[in-house]
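S.K.: Here you go, one structure.
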Amino acid sequence: MALLGRLLPLALALALGPAATPAGPARSPYQLVLQHSRLRGRQHGPNVCAVQKLIGTNKKYFTNCKQWYQRKICGKSTVISYECCPGYEKVPGEKGCPAALPLSNLYETLGVVGATTTQLYTDRTEKLRPEMEGPGSFTIFAPSNEAWSSLPAEVLDSLVSNVNIELLNALRYHMVDRRVLTDELKHGMALTSMYQNSNIQIHHYPNGIVTVNCARLLKADHHATNGVVHLIDKVISTVTNNIQQIIEIEDTFETLRAAVAASGLNTLLEGDGQYTLLAPTNEAFEKIPAETLNRILGDPEALRDLLNNHILKSAMCAEAIVAGLSLETLEGTTLEVGCSGDMLTINGKPIISNKDVLATNGVIHFIDELLIPDSAKTLFELAADSDVSTAIDLFRQAGLSSHLSGNERLTLLAPMNSVFKDGTPPINARTKNLLLNHMIKDQLASKYLYHGQTLDTLGGRKLRVFVYRNSLCIENSCIAAHDKRGRYGTLFTMDRMLTPPMGTVMDVLKGDNRFSMLVAAIQSAGLTETLNREGVYTVFAPTNEAFQALPRGELNKLMGNAKELANILKYHVGDEILVSGGIGALVRLKSLQGDKLEVSSKNNVVSVNKEPVAEVDIMATNGVVHAISSVLQPPANRPQERGDELADSALEIFKQASAFSRATQSSVKLAPVYQRLLERMKH
């Protein structure tokens, strides 16, 4: 596809001549799609265009690149056919469509493009056919035969029963008193029709579809001696009301009418511009819980956000949607507007009950479901659409619901449901305090967080922000989904329960019996002060079992030389904080010893120097501890002086710690993750 994307402009230029070259005049989206259709039909002869027909219908489209490969329009399969491009015709015995259509007047051209019903109705009026056959220059947007036959019987009867007034006026509304080709049909422009100078709304979309009062151009740019004919798929009628006026007169918009008046948006909806209003009906409002609806209606800012979320920044006719589009609302949210067959969808749901109600300043689609933006929601409501239901139940059980439904400015750090696959912690005072430390005292946005920032929690703790290349973490927990910003609170979906730091690295090691031998070694090497003071350390902490696994001779040699012991221990300490969520395929972390540690993560297993880490992310106020089951060796350990004066005392302390470890090993069992987390909070 990438190669095709580079070659396609060149191929188009070769196929179509100088007008298609990059140096030539700019082409409209319609012309670009037509060029692509011509390129696809070239193998069938000159001036042949590929056309996609929607199976089971008579709807045809010139094909763009995406549709050509997908063979779908609005999710429905299409078949490819080949026909003469506009302005050309077949010649018996010749390949393709080599002959240009002979030019005739507008009336005759109506027959050429297949608009025979429009031609017939033109005949019935006294004045119009002479104009179409006489001098001048006109554009006619001619309804197809199917367009006339699909009119309601009462509408058609009213037209044909008064041909020299009603029918004549209707046909004149389809005409402009000059020649207008598709290149001149600009998105959002208005053309002055030949009926009382009433405006015709033009929209020219990036996908090449052109609409006239939301009727799609089927065959465009058919030249005549006195103008041009564009075939369209609907009979269009005059538009006199703006969006606000339509809201005022439609009974189904009673609630919407009151909401617009309360928000002050009526000025926008009756002014100039081109908008799409996804207008919720009374039934749409009734589907919302009364408590939620009353809260929003009583909050001017939330109400304005709610209504703005139903207004698109430009007019979007239904016929312009042939695949999913991401469209931004005035509120700032992006809606996925798509189609499935004849149904329009919003965010994948077929909630549009009436489409293409035209206004002078846009178009209205009726919807039967309210589109509440995140900016109008409470934290509870934000969570309902996120993968955090288990965490929300914990907050509710712990009596913290008021924080999630009120007007308190805060940020909720909610672990995703998979975090609790092995169960949830018991609800008690310590769990409640832990949950309070998942609430930040301000409404934040992740895009404004920076490395080293500290955040105050409702539980009284300070949490640190760590920014890594591919992740953004708060203590040991990293943000797993885009944050959702509500009316007062912001929801961060986190990848694990957060562990607030409870002491220095030395405090953490001393409080865990698994590290008693390491603590003894640190004390003997004179590193206690280093790991107690302020700093940013990552400690790969060998457990007692790791030391006991060393050959006895090697262990004695190590403990007999304090400088070498310090050198090896420093190799276990990185000079920055690296939590597991910040580890990518490979991170090289500089140690206090000077050499670098190679830290990696694969299939949720963290390794250091290819040795698996037994437990990650034991948080400390000056760093993080990762438990490992082996003692790491520097890549090149230079000879050190023995430091004999410390050797005996160091070895004795180490032996005592080792003995203590063996004595307690059989009775001390690893607690479940939540129990260990809660135990740490005691200190």
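Placement of Cβ uses the backbone N, Cα and C atoms for every residue, glycine included.
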S.K.: Going by the disulfide annotation in Swiss-Prot, which one of Cys339, Cys473, Cys478 is bonded to Cys74?
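M.R.: Between Cys74 and the options Cys339, Cys473, Cys478, Swiss-Prot records the bond with Cys339.
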S.K.: Among the disulfide-bonded residues Cys49, Cys85, Cys317, Cys478, which ones place their C-alpha within 10 angstroms of the C-alpha of Ser37 (phosphoserine)?
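M.R.: Neighbours among disulfide-bonded residues, in sequence order: Cys49, Cys85.
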S.K.: With every protein chain in view, how many other Cβ atoms are within 10 Å of the Cβ of Cys49 (disulfide bond)?
M.R.: 25
S.K.: Starting from the Cα of Cys49 (disulfide bond), work out which of the disulfide-bonded residues (Cys84, Cys317, Cys478) are within 10 Å.
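M.R.: Final answer, ordered: Cys84.
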S.K.: Please report how many Å separate the Cα atom of Cys97 (disulfide bond) from that of Cys85 (disulfide bond), as a whole number.
M.R.: 8
S.K.: I want to check the contact list for Cys473 (disulfide bond): same chain, sequence separation of six or more, C-beta distance under 8 angstroms. What comes out?
M.R.: Val465, Phe466, Val467, Ile479, Val579, Gly581, Gly582
S.K.: What three-state secondary structure does DSSP assign to Cys84 (disulfide bond)?
M.R.: strand
S.K.: By CA-CA distance, flag whichever of Cys85, Cys214, Cys478 among the disulfide-bonded residues is nearest to Cys74 (disulfide bond).
M.R.: Cys214
S.K.: Once near-sequence residues are set aside, which residues in the chain of Cys214 (disulfide bond), 6 or more away, have Cβ atoms under 8 Å from its Cβ?
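M.R.: Result: Gln201, His203, Lys234, Ile236, Cys317, Ala318, Glu319, Asp356, Leu358, Val363.
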